[in-house]
Amino acid sequence: MSNEQMIDIKGPLIGEIEVPGDKSMTHRAIMLASLATGQSTIYKPLLGEDCLRTIEIFKLLGVNIELAEEKIIVDSPGYNKFKTPHQTLYTGNSGTTTRLLAGLLSGLNLNCVLSGDASIGKRPMDRVMKPLRLMGANITGIDDNFTPLIIKPASINGITYKMEVASAQVKSALLFASLFSNDSSKITELDVSRNHTETMFEQFNIPISISGKEITTQPNAIEHIKAKDFYVPGDISSAAFFIVAALITPGSDITIHNVGINPTRSGIIDIVKQMEGNIECLNITDTSEPTASIRVKYTPNLKPVLIEGDIVPKAIDELPIIALLCTQASGTSIIKDAEELKVKETNRIDTTADMLGLLGFELQPTDDGLIIHPSEFKKSATVDSLTDHRIGMMLAIASLLSDKPLNIRQFDAVNVSFPGFLPKLMLLENEG
């Protein structure tokens, strides 16, 4: 990633759009469809770089996967007929692929090596490896914490485990490993995190029960899996950039259709409402993965907000763009309990404060979040995504607060989760 992109977009933003399919659900749909015997079709998936890495890995395991227009066709021999790969399974920049497959592959009686790019090589894996070993997994890594991860055949046991971090990736790794156990498992969350793995297990016929923060899987659960067609809602993490863009750009009025509003993911909607932003959800569907059309209008005089506790895991990936939104509030906002930001593609506490600080915004990083003061785009500077897709898109939205173009280095990082992000933003500008 080396390219530099000049962003020169002016408001108002007007119109109706859809955003790409949900990244979390696309990963999980590919994994579950590959484990099941037979054909599954995944409609409206995200075909960003992260999800393509997941697809390539299952191809190496012997699954036939075809990409067609707005769908993925998975034709699998089933988990018990996977073949041992004869090369490293490359996960690229995808923490989801790396951590979830650490659990899934641990139960497959295969010799595998998982490795990613330089960013993945810096992200902690002990949070997954330690509980997987308690389940009997044979998994090792560099300094017992970093990729590449070496996974060898092992017999997986059930586990009763209290999560030490509020991480959907760790939870999901354990749930995938538990599919191959002869015993039941009970996992208790620290705080409720995104529950796509649980809802999608049910859709692929895998028995699972949930009571508050407790999740219980059944013995030999993998034997119940069935091929299934799956429709992927639009990604609320991608919609978040357009939500904030409309809120901070005078005269804007946009509608984003078919966005997933799973209550474990929709923290940004709750936060915008706390700030008294003009946002409403229309055409809500009543399913295990609900969707809505989200209409957002420019809102001056936003209220400052304290973001802490249970809402943080429900908005963890959106916190950088929410931090930008908070600079436009009428008072000081605070984000707390967000230590997980430190172990994303970058330390997003520091990169958010540093990159917005270069433009004159006033944010103070703390050990677990940010203090954000009302501030303006005061000076022009060349900024950098630092290869983090969400930082790149956040900076592009920040440019709407300036009358001058903004140059962003390594902007192609946005292709990890949102190919076509800039043309979509320009479409709203042109309609306005």
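In case you wondered, yes, glycine gets a Cβ from its N, Cα and C as well.
Following the DSSP three-state reduction, the secondary structure of Lys23 (3-phosphoshikimate binding site) is helix. Sequence-distant contacts of Lys23 (3-phosphoshikimate binding site), defined as residues of its own chain at least six apart whose C-beta falls under 8 angstroms from its C-beta, comprise Leu46, Gly48, Asp50, Cys51, Thr96, Asp235, Ser237, Ser238, Ser417. Among the features that Swiss-Prot reports, 3-phosphoshikimate binding site is placed at Lys23, Ser24, Arg28, Ser167, Gln169, Asp317, Lys344.
Under the heading phosphoenolpyruvate binding site, Swiss-Prot lists Lys23, Gly95, Arg123, Gln169, Arg348, Arg390. Neighbour list (Arg348 (phosphoenolpyruvate binding site), Cβ cut-off 8 Å, at least 6 residues apart, same chain): Leu319, Pro320, Leu341, Lys342, Asp388, Arg390, Ile391. In the three-state DSSP assignment, the secondary structure recorded for Arg348 (phosphoenolpyruvate binding site) is helix.
If you draw a 10 Å sphere around the CB of Asp317 (3-phosphoshikimate binding site), it holds 25 other CB atoms from the protein chains shown. Among the features that Swiss-Prot reports, active site, proton acceptor is placed at Asp317.
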Excluding its own, the Cβ atoms lying within 10 Å of the Cβ of Gln169 (3-phosphoshikimate binding site) add up to 25
Minimal Cβ count within 10 Å, across the binding-site residues Ser24, Arg28, points to Arg28
Students should find that the Cα atoms of Gln169 (3-phosphoshikimate binding site) and Gly95 (phosphoenolpyruvate binding site) sit apart, in Å rounded to an integer, by 8
Pairwise CA distances across Lys23, Gly95, Arg123, Gln169, Arg348, Arg390 (listed as binding phosphoenolpyruvate) top out, in Å, at 19
Close in space but at least six residues away in sequence, with Cβ under 8 Å from that of Lys344 (3-phosphoshikimate binding site), the same-chain residues are Gly95, Arg123, Asp317, Asp388, Arg390
If you count the other CB atoms within 10 A of the CB of Arg123 (phosphoenolpyruvate binding site), including all protein chains displayed, you should get 20
Once DSSP output is merged into helix, strand and coil, Gln169 (3-phosphoshikimate binding site) belongs to helix
